Amino acid sequence: MTFNITSMDEDVLLTERESSFRVLTGCFLSVLILSTLLGNTLVCAAVIRFRHLRSKVTNFFVISLAVSDLLVAVLVMPWKAVAEIAGFWPFGTFCNIWVAFDIMCSTASILNLCVISVDRYWAISSPFRYERKMTPKVAFIMIGVAWTLSVLISFIPVQLNWHKAKTTSFFDLNITLHDRTMDNCDSSLNRTYAISSSLISFYIPVAIMIVTYTRIYRIAAKQIRRISALERAAVHAKNCQNSTSNRNSLDCQQPESSLKTSFKRETKVLKTLSVIMGVFVCCWLPFFILNCIVPFCDPSLTTSGTEPFCISSTTFDVFVWFGWANSSLNPIIYAFNADFRKAFSNLLGCYRLCPTSNNIIETVSINNNGAVVYSCQQEPKGSIPNECNLVYLIPHAIICPEDEVLKKEDESGLSKSLEKMSPAFSGILDYDADVSLEKINPITQNGQPKT
C-alpha cells in the first residue's frame, strides 16, 4: 500500500514538472514568434510606407527575405509551438501541408540570404556594371528563382510522398519505445531527399555566401587602405605646406592617426561580416548536419545503443527551432541600417523619444572630365530623405577628409563614424550608431551641381 502511494506521488510530481516545463516552453516560443512577426512586419511596412526605401533595388532582396521570414512565423512556427506545448500533433492531416510550408519557407529564407550576398558582392566588385545592370527586372528574376526552387523542393516531393522513408522511421520507433501513443508529425525523410534537399537548401548557399563575403572583405579592406593612403597623403601635403610657410620642418611628417583609423575600419568590417555568417551558420548548420545523418540511423539497433548518430526527437526539434530563430535575427542584421532605423522610428511614432543621431552625408560628384568633387553635410535627427533617385557611391570614390569629419563631429558631440563603401554595405555595414550615406550627383564642367 505504501509502495502504491509513493508511486502515485512520483507520478504527480513528474506530471507537475512536465506541465511547468511546457508552460516555460510555451512562453519562450511565444516570445520568439512575436519577435519574428514584429521585426519582419516592420521591415515590410517601412518599405511600403517610405518611397525612398523602395527606390533602392538592393532593398527588394531585403523585402523578399522579410516576407519569407514572416511566412516562417505565420505558417510554420505557431503550429509546431502548439504541438510542443500539447505534447502531440493536434492538427491531423494538415501535417503534410505543414511540412511543405516548413521546407518552402525555410529554404526561401536561406536562398534569399544567398541572393543578398551575391547582390552585394556584385555591387562591390563591379560597381559601374552593377548600377547599369541591376534593374528591378533583374532583381525580380533573382528573387523569382529563389522562390521557385523553394516551391519545387517542397510541395511537389511532399505531396507526391517522395520525401518519406519507406522503412520505419527512427523517430516513430523512438516514440514506440517510450510507450507514447500520440499523433506525430515528425516526418522521416529518405536518404536521397534528405541529402539533395539539404544541398539545395543549405550547403550550396552557405558555400556561395562564404565565398562572396570573403571576397567582399578583401575588396573592402583593400579600398580602406587606398582611402587611408589618400588621407595620409593629403594631410602630409598640408602639413608640409604649413611647415614651409612657418619654416618648421618638424611639422612635415606622416600622420599616424590615419593608420589606426584604417585598421579600426578593417576590423569593423571583419566583425560585421563575421556576425552575418556566424549567426546564420550557428542557427542552421546543426540542423542540416542532423538532417543528413538521421536517415542513416538503423532503428533496429537503437535499443542496443550501438548507433552513435541516432538522437531523440526532442534533441532534433531543439535544433529545428534554432534554425527558425534565424528568421527573428535577420531583420536586426539586414534591415537595421540608418535608413531603416529612421523609418522604424517614424512608424512607431517614437522619433522624438528614440534618439537617432545626425548623419554626416558625403555627396560625391563626378564632372565630365572624370574629376571627383565631394562635399559634406549633416542630416537632422529623425528625418527621412525625400530623394527617390539616390545612387550609392562605388567603393573607388574619395571620401571627406578625416579632419573635416572630426571637426563636424566635435561640434555635434557625436562619436566617430565610419563610411559606407557601396550599396553592398547599405544593409550590413552599419558601423556605428552614426553612419554616412553616399551618393553620386552629376555636375557641370565647372564643378557646380547640375540643376
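Think of each number as a place in line: the chain as shown, counted from 1.
Every residue, even glycine, has its Cβ placed from backbone N, Cα and C.
Model, not experiment: these values are computed from the prediction.
Using a 10 Å Cβ-Cβ cutoff, Cys95 (disulfide bond) registers 18 neighbours. Annotation comment: Swiss-Prot describes Cys95-Cys185 as disulfide bond.
Annotated N-linked glycosylation site per Swiss-Prot: Asn4, in sequence order.
Among the features that Swiss-Prot reports, S-palmitoyl cysteine is placed at Cys350. For Cys350 (S-palmitoyl cysteine), no same-chain residue that is 6 or more apart in sequence has a Cβ closer than 8 Å to its Cβ.
Positions annotated as topological domain 'Extracellular' by Swiss-Prot, on the basis of sequence analysis: 1-22 (among others).
Per Swiss-Prot, the feature topological domain 'Cytoplasmic' maps to 49-59 (among others). Under DSSP, the residues of the topological domain 'Cytoplasmic' (49-59) split into helix, strand and coil as follows: 7 helix, 0 strand, 4 coil.
Look at Swiss-Prot and you will find 87-95 (among others) tagged as topological domain 'Extracellular', backed by sequence analysis.
Here Swiss-Prot flags 119-137 (among others) as topological domain 'Cytoplasmic', drawing on sequence analysis.
According to Swiss-Prot, the topological domain 'Extracellular' annotation covers 163-191 (among others).
What Swiss-Prot records for 218-271 (among others) is topological domain 'Cytoplasmic'.
For 299-315 (among others), the entry in Swiss-Prot reads topological domain 'Extracellular'.
This prediction places the mean pLDDT of the topological domain 'Cytoplasmic' (341-451) at 45. The feature topological domain 'Cytoplasmic' is assigned by Swiss-Prot to 341-451 (among others).
What Swiss-Prot lists as transmembrane segment is 23-48 (among others).
What Swiss-Prot lists as transmembrane segment is 60-86 (among others), and the listing cites sequence analysis.
Positions annotated as transmembrane segment by Swiss-Prot, on the basis of sequence analysis: 96-118 (among others).
Marked as transmembrane segment by Swiss-Prot on the basis of sequence analysis: 138-162 (among others). For the transmembrane segment (138-162), same-chain residues at least 6 beyond its ends with a Cβ under 8 Å from one of its own Cβ atoms are 57, 60-61, 64, 68, 96, 99-105, 107-108, 111-112, 114-115, 118-119, 190, 193, 196-197, 200-201.
Residues or ranges marked as transmembrane segment in Swiss-Prot: 192-217 (among others). Sequence-remote contacts of a segment are chain residues at least 6 beyond its ends whose Cβ falls under 8 Å from one of its Cβ atoms, and for the transmembrane segment (192-217) they are 103, 106-107, 110-111, 113-114, 117-118, 120-121, 124-125, 149, 153, 157, 162-163, 269-270, 273, 276-277, 280-281, 284-285, 288, 291-292, 294-295, 424.
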- Among the ranges 60-86, 272-298, 316-340, the one whose Cβ pairs under 8 Å to the transmembrane segment (23-48) are most numerous: 60-86
- Cβ neighbour count (within 10 Å, all chains shown) around Cys185 (disulfide bond): 18
